[in-house]
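Quick look at what TrEMBL annotates:
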type     : residues : note
TRANSMEM : 6-23     : transmembrane segment
TRANSMEM : 81-99    : transmembrane segment
TRANSMEM : 105-130  : transmembrane segment
TRANSMEM : 151-171  : transmembrane segment
């Protein structure tokens with residue numbers, strides 16, 4: 001009962017697997033290259049680079065998170081959920097560019113490309129997940145650490161956050177947007 005979430009789960013994952021296994025020479029078109037966007041005005045890279053993951057572990061983690069966040073499509077409806085994702089996708093793209101410029105200005109670090117994929121909206125979905133999904137304790141480990149129904153989602157988010165060098169920019173822009 002969540003067609004948008006299912007299509008976001010299947011289509012980008014299938015394209016990512018095909019690009020990784022069969023069509024490696026086309027991966028350059030799906031790279032989220034900020035230098036090409038700013039200098040050569042290749043705006044199409046925003047769409048391609050922010051939709052398809054080129055790393056299979058990022059694809060797997062984001063697919064599991066999208067599958068888990070399908071609860072929001074069921075709650076809000078497909079139309080409201082898709083407008084939320086589109087708005088967050090556009091805002092996080094703007095914040096990506098701003099954070100890269102701020103990082104270059106403050107720290108002197110030049111970032112030419114960011115990890116590709118639908119990562120900004122995935123990280124943005126953690127905000128309603130944290131605030132609207134109730135926490136229910138499942139079990140305790142060693143008597144001190146409680147395992148809840150949210151633990152696996154947060155662990156997947158942490159794994160996705162630590163999978164790349166500049167993925168923190170995408171995570172921060174998604175959370176802010």
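In case you wondered, yes, glycine gets a Cβ from its N, Cα and C as well.
Across the candidate stretches 6-23, 81-99, 151-171, the maximum count of CB pairs under 8 A to the transmembrane segment (105-130) is reached by 151-171. Residues 30, 51-54, 56, 59, 63, 66-67, 70, 85, 117-118 of the same chain lie 6+ residues outside the transmembrane segment (6-23) yet bring a C-beta within less than 8 angstroms of a C-beta in it.
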